[in-house]
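Listed in Swiss-Prot:
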type     : residues : note
COMPBIAS : 220-247  : compositional bias 'Basic and acidic residues'
DOMAIN   : 2-77     : domain 'GST N-terminal'
DOMAIN   : 86-217   : domain 'GST C-terminal'
DOMAIN   : 251-412  : domain 'EF-1-gamma C-terminal'
MOD_RES  : Ser2     : N-acetylserine
REGION   : 216-253  : region 'Disordered'
Amino acid sequence: MSQGTLYINRSPRNYASEALISYFKLDVKIVDLEQSSEFASLFPLKQAPAFLGPKGLKLTEALAIQFYLANQVADEKERARLLGSDVIEKSQILRWASLANSDVMSNIARPFLSFKGLIPYNKKDVDACFVKIDNLAAVFDARLRDYTFVATENISLGDLHAAGSWAFGLATILGPEWRAKHPHLMRWFNTVAASPIVKTPFAEVKLAEKALTYTPPKKQKAEKPKAEKSKAEKKKDEAKPADDAAPAKKPKHPLEALGKSTFVLDDWKRKYSNDDTRPVALPWFWEHYNPEEYSIWKVGYKYNDELTLTFMSNNLVGGFFNRLSASTKYMFGCLVVYGENNNNGIVGAVMVRGQDFAPAFDVAPDWESYEYTKLDPTKEEDKEFVNNMWAWDKPVVVNGEDKEIVDGKVLK
């Protein structure tokens, strides 16, 4: 009986899943998203990886899928090796896999996407990511100075997933000089990559000969001024029909057509970043906010019943915000994750230029996975909701029940 279908794209996040299926001969069909017609209807998020199992089981998020696949391994000793033999080992394996999935991968991804021109380049953000990468590498080095593997005495799912995350960086933005500074991490990485379990998917990983870096776009050469036309030529040009006139340039973003606002969004973003939120920043915001220029929306995730671990839900928010990068100059807001593992949700408040949410949000492919409700700050309950979403210091009220905020992201 088939054990399911795994929908993937080409990403190091999927190396461990592919390895488990191949090495342990699991009866799981691997489908490339580009070759699938049914994927979008099965998984509304349209994000890979995704797994369809027996009896309608649906899983998203790489870690959840890998833990499920590892549990399908028939050999009990192999299962214990991959997942841990007791609660301490299991917790350590989840700890290292989670650290790699959330922190290592995300901090590598932002510089990579910036250098490739896929998201706007921000030097401050990129530098902060490299500092975090070095700090994470130091944590791995400290463990691997005395141990062969990250979580237990044997290669585990923690190693498989973490090595996949580091592979992304080592093949792109982490060049020879960086690798030379981290011999323990590199010894571990090479050991895991050579393991029979992951040898096949890791065979395509080529360490970067030179680190990928940011290349500023080339400035276009200014056109030479044309020679002054004679009076006769000018008259001839004036006589041309209006159809020959050059068409007006369209705005790069629909919201650009609204022009500049009296409310300076960048001033608010700096205020929010630099001052205490509730006592200082929020009073400043309400004093300067112009509801004729901006509107505020309650944004809620439609598929909370599909969410599992809270850090995965937060990663989902981070990905959504990354895909909104084309609109961030017209937006500000927060989405928070409330609740606990296997019982959590995503909600928040986002301010956008204009009175319609769609032009700001529809730049993200998954924008329809969220529902949008316009808020009226003249109503005390709506204003307080915005305050709470942006301050993160009070529980979220869901169906009359208080739910603690466990994580969140700021869109700015």
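Using N, Cα and C of the backbone, Cβ positions are placed for all residues, glycine too.
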Helix, strand and coil totals (DSSP H, G, I; E, B; other) for the domain 'GST C-terminal' (86-217): 85 helix, 0 strand, 47 coil
Local confidence of the prediction over the domain 'EF-1-gamma C-terminal' (251-412), expressed as mean pLDDT: 92
Number of Cβ atoms other than its own within 10 Å, given for Ser2 (N-acetylserine): 11
